[in-house]
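As given in TrEMBL:
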type: COMPBIAS; residues: 495-513; note: compositional bias 'Polar residues'
type: DOMAIN; residues: 541-643; note: domain 'Calponin-homology (CH)'
type: DOMAIN; residues: 702-772; note: domain 'EB1 C-terminal'
type: REGION; residues: 437-513; note: region 'Disordered'
type: REGION; residues: 657-681; note: region 'Disordered'
type: REGION; residues: 770-789; note: region 'Disordered'
Amino acid sequence: CHLFLFLVQAALAGGTTMVIGHVLPEKNESLLEAYEKTRSQADNKACCDYALHMGVTWWGPKVRAEMESLVRDKGINSFQMFMAYKDLFMLRDSELFQALQNCKDIGAVARVLAENGELVAEGAKEALDLGISGPEGIEISRPEELEAEATHRAITIANRAHCPIYLVNVSSMSAGNVLATAKMQGKALVHGETTTAHAVLNGLQYYHQDWAHAAAYVTVPPLRLDPNTPNYLMSLLGKQRSKENRKIRSAIGAVTNLYHGADRNVFVGGKMDENRFVAVTSSNAAKIYNLYPRKGRIIPGADADVVTTRFSVSRTISVDNQVQGGDYNLYESLRCHGVPLVTISRGRLVYENGVFTCSEGSGKFYPLRTFPDYLYKKMVQREKRLIILCVCVHLCTCVSASLPVCLPLSDSPQCQALKAVEREPYEGDVAVMHSGKKDCGPCDGDTPTRPHTKHGGQRDLHESSFSLSGSQIDDKTPKRSSARILAPPGGRSSGIWSSGNNHNGGLEHSNTASEITTEKDSCLNTRMAVNVHATSVSCDTLSRHDMLAWLNDSLHLTYTKIEQLCSGAAYCQFMDMLFPGCVLLKKVKFQAKLEHEFIHNFKVLQAAFKRMGVDKIIPVEKLVKGKFQDNFEFVQWFKKFFDANYDGKEYDPLQARQGQDVNPAPNPGPQRHSPTVPKILPTPQRVLNTTVHVRKAPALTRNGGTDAELLELNQQLMELKLTVDGLEKERDFYFSKLRDIELICQEHESDTNPHLSRIMDILYATEDGFAAPDDDEIDGQAHLDQDEY
């Protein structure tokens, strides 16, 4: 309340007799509640006449209804929308379009603060990442081009909504050019305003060493660094052709100096005369907000708002004599010409020579009427011209088509301009799908369209006797091998494919890096991979046991853990199954045990992916670590990829490996070596005995066992291994939890807490007959665990 009192007193001291304040609701706050709250505070403190703008800080059906209520019952005729202040006040383009349409329907003044809020937010993040958190960051994060782009976008949206638009706080030459160009072209009814600060100052103050001094100049959009910007904006104000779309309003604590800063530029610089100055600062604003001629003109019946200014007197602006309070004045030490001496509001003397003669609450709230002629009269004229134009087009169309003239009656010009074409009902295909091949001449079997021509019995050299139809002389000749060289002429080949079996006509094997594959490699030229980007529902439901069973059955493997896929060998052979020849299996290290061997296999796999057009990036650095989660997620994706590309052909994995044995990769996961393990769980010696002697199974056949029995025993052995694997993971999980509890108890061991003692007793309790092994035995057992797994 006190701040509002200071502001209206400062306005009177500066020669302003009426102000229009802002009501900015919080996000999701009712506009009506925010209005009532502001009115209750302002009515008791206002000592000059005032009205209110309403900010539209969010959008929805409730806001639309409350805007109509404010216009109808509360005397609000202007609403301000924001394209800046992301996550606070900013509206999206679609919401701004709907808000402008609603403003047009209710006849309100649509004010828009134009800035690209999305890119401003990104610029602020970049500035913070560079360590720039001072006032200079606002100028760095809000360059001119973002204001210019948003200005053009706001004008475009308003033009589509058929709504007059009023741009506020125009701060840059770029945005001014966009606005002036739009008015010259006449494509939209656009008006604008700047502030005294933008028209007088520049942004060099943001780089002042005193943080508080620099922060006093912060405004949105920011002051610009270009020293020519103030003169440019003042020139736009002074031009007669834009007299109807500019007025000066202060935005950063300088309402007293509304005239001072402008006087210094316009009169001393010769930008405008006194009449133009009055129009820019008073009359135009009154017309835009439908207050004219009651405000903005001195005639019988008007409010008699008068300010007496002595232009022969100069004054130096200082923080010591300002009325609005504050520690800084943006125009400090600025010498101006023309000082308001007397201010009269509605015929009452309210300020004279630095003394206020008005009381608190003597100001009057002015309800503002909608549909101001200054804005909407032009819109009505444009719509009438559009209606006449559409009628003329309609008449010309009817006459040219010999149709009876029929003029639809409608008040909306859009209905006249946009009218559906009357046609007969259509029930055919919407579009005819073609193969997508370009027309490259006659296809095979087509008859040539050009007639045969002969001259004087001579053969036409442009005609050919070759034909693709019928039998050919070389039909019984076997096709020769083809070679594909993966390097330009003069370069070194990295691979050569041969699709034939003739040894004399093909390429001979040499000691170079060239490699020759078999006839099945020809499929590489005809089929590419089908990419998948997410695992399907069916694949997600497969457990690790099902996944391992699929791996072992498909490739005749004996994997017992998902982690053993970290070698990458299985994936390479799967690619050979899906796309024969895309992987040279002799390059795959099926018996890999070390991490660098795993990386080699994954490089081979990635090369195969690239060759077949698979756009999957393999997370090699995660997979080679042998963690369950990483390998399980990748094999889930690969299962979906396999299902999408497998064509059902027979494949012998043993023959493809050419007898190479596949040893599952050792478990590279971390081993636990804690002396507290024997205190919690018994030694896992019995568990380890169930997982050894895998290679002794073939002995059954030599002792008379059948293949069926051998297969059944191998299946049982695999199930036991999977069960043990699950038990080990469950054991490790609970062990880690118990270990955390033990560490917490040990940290508070000095506390005499009976609960901690009881917990420690439970942790260290053992079964009857159990004896803790010695430390040497523990170390030996841990070593056995590492060798086994």
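If you go along the chain as it appears here, the first residue is 1 and each next one adds 1.
In case you wondered, yes, glycine gets a Cβ from its N, Cα and C as well.
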Per-state residue totals over the domain 'Calponin-homology (CH)' (541-643) - DSSP helix, strand, coil: 68 helix, 0 strand, 35 coil
Three-state composition of the domain 'EB1 C-terminal' (702-772), taking helix and strand from DSSP: 53 helix, 0 strand, 18 coil
Model confidence over the domain 'EB1 C-terminal' (702-772), averaged pLDDT: 77
